[in-house]
Structure formats: C-alpha cells, structure tokens
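Summarising the annotation, Swiss-Prot assigns Ni(2+) 1 binding site to CYS2, CYS5, CYS7. According to Swiss-Prot, the Zn(2+) binding site annotation covers CYS208, HIS209, CYS240, on the basis of similarity to another entry. As annotated by Swiss-Prot, Ni(2+) 2 binding site applies to CYS208, HIS209, CYS240, with the evidence given as similarity to another entry. The compositional bias 'Basic residues' feature in Swiss-Prot is assigned to 61-71. Here Swiss-Prot flags 76-103 as compositional bias 'Basic and acidic residues'. If you look up Swiss-Prot, you'll see 36-112 marked as region 'Disordered'. Annotation source Swiss-Prot lists region 'G-domain' at 149-309, citing similarity to another entry.
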Amino acid sequence: MCTVCGCGGHSVEDQFKAHLKSQGKDGAHKPAPFAVLAEPQGPHSHSHSHWHTHADGTSHAHPHAHSHSHAAGHGAEADSDHPHAHGHDHGHSHGACAHDIHLGHGPAGTEVPGMSQARLIEIETDILSKNNQYAARNRAALAKNCTFATNLVSSPGSGKTTLLVKTIEMLGAQPLAVIEGDQQTTNDADRIRATGAPAIQVNTGKGCHLDGAMVEQALAHLPLPAGALLFIENVGNLVCPAAFDLGEDAKVAILSVTEGEDKPLKYPDMFAAAGLAILNKVDLAPYCDVDLDLYEANIRRVNPQIEVLRVSARTGDGMGAWIDWLRAGLARKAR
C-alpha cells in the first residue's frame, strides 16, 4: 500500500432507490441520478506485509503500515529524505545508478517522514483491529445465511468483470449477488445487472480498496437469499486489498497472462493472502510469448499451498473447474 494513499469517503449506490427515482409520475423511465449512501471517514491507517526478493532468489516478508486522512485527497507523493543502510555489498558502475532504494526493511515495512517505526506499527494494529471487527460481523452474517463469499482481487484490466459475467451465465439458477468496488462509475455493476443478477456498486472515491465497513453497508442494501454465492469484486489493486479482511471465505487472485510471469514476485502480498489464483486470458498466451508454467511456478514460490486454475473467460476454457470450486465452497458452508 502506498505511504499516502488518499483514501476518501466512499458511497454505496442503492440500485432500488435509483430505479424508483428514474420513473416519473407517468411511469416513464427518465435518466436517474445516483442514489448514494455516503459515509465520510476520519483519519485512519492501513497496513499489511510486503515481500522482498533478493537477487539470489530468496524472499521474505515485512509488515507494512501507514496513516492518512479520509477527509480529503492527497496530491503529493511520498518520498524519503534520509539515508538508507544496506547490509550487503553493491557493485558500482559509473555509467548508471548503482544503489536501489528499499523502504521496506524496517519493522513496520515502510518509512514515513517524521513518524517512528513504533508509531507506524501502533497505527497498523489499530486500523486493522477496527476493520477486523466489521469483517467478523460480515462473516457471521454470511455464515448464518449459508452464503459462500469470495473476494476477487487483481490489477485493473485482468478480466475480473468479464470472468464474473461468464460465471453468472454458467451458474444458471444458482442464487447469487455481487458487490462491485471501483473509484468511480457504475460501469461494472451495470454489466452485472445486465445478466439479471443483483449488484451494488461501492464507489471508493480516493480509496484504493474496499474494507469491512463498506461491505457491511453494501450487504444491508443487497438482496441475498439463503444458500447464495456472494462475489465481492475489489478495486483493481494488487497491494492494498491484501491487508483487509472483508469477511469473505476466500480471496481469489486473478492474474492475466498479459501481465508478465514475474508479477507474483513483484506483488507477492496478494498471492500470499489468496486461497486460489486464476490465470486468466489463457487464450492470449500463444500471442504474448509467455510461459504459463513459469506463471504458476512464481505464484507457488510466494504461496506453495495455493490452488491455481488456468482460465479463459472469453472462450470458456477452464471455467468448469472454477464453477466446481465455487460449488464445493458453497457445499461446505451448507453443512
């Protein structure tokens, strides 16, 4: 997560209020303004672990924390104004910069000017503890309803929404609902609603991820029959969402074959937190000069226990295994 992520107040679109407002007295449809429930939030912080991979291939994790305010956006980038020590030798070349900058070696996993590592860890503990309270309430409510919830996380453009649309089509009469997270617009929620499935859009504004409180608010306005599947499509971001429990049963990390085989090593936190990785757009592999086996190997370097599925949401290849995984998860919740 960035040192100053600029998370702002979020809004949850209530599709039913929006629908009612879209109709005039004569019953004719008119363009509907967004009906939103706004919840401005005060100062807070985020945290999670960061992985660091050395040139010799060894990897290890660091905790990470930072604080910021929800009251306003931030326009400045974080920078470091102090020297940084390294415990290993560097070669020197006069033709190029010989020293990389690593800000994650301290106990807190990051550096913020004017703030000690101890204070960063204190903030980390506080914000995650509060989020976990919301997540626990969500988890209890979903368990009571025998709902299997997945938190879909990825970079922007990995194909999450296309995968969801295909999934909904293949599930047929299976009860389900979707929470869509984006900074702005209802584009993805509109695509989901076009399939006939209920969906709520959560616009996070300056926020770079969903959190437990946002999901709790969305659930209050989403019809969710007993025994349903719940899909939470998080904001496109491979860093920040890794730290935040939403009350889901599993995080599902989605990776497009166009993103590069080393993506799991460069952004390991999410793959370490996920129970399933979906390697999407495999139909493009022959045109991208990529090694699918290397993708899987790098994912498992970060998380040896993770399950990996190769899927093309466009052609349907591999989708059967994904549907089976969802139904197995739902069956476990019903026991």
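The count begins at 1 with the first shown residue.
The backbone N, Cα and C atoms fix where each Cβ goes, and this holds for glycine too.
Model confidence over the region 'G-domain' (149-309) stands at 96, taken as the mean pLDDT rounded to a whole number. Counting every protein chain shown, 19 other Cβ atoms lie within 10 Å of the Cβ of CYS208 (Zn(2+) binding site). In the three-state DSSP scheme, CYS240 (Zn(2+) binding site) is classed as helix.
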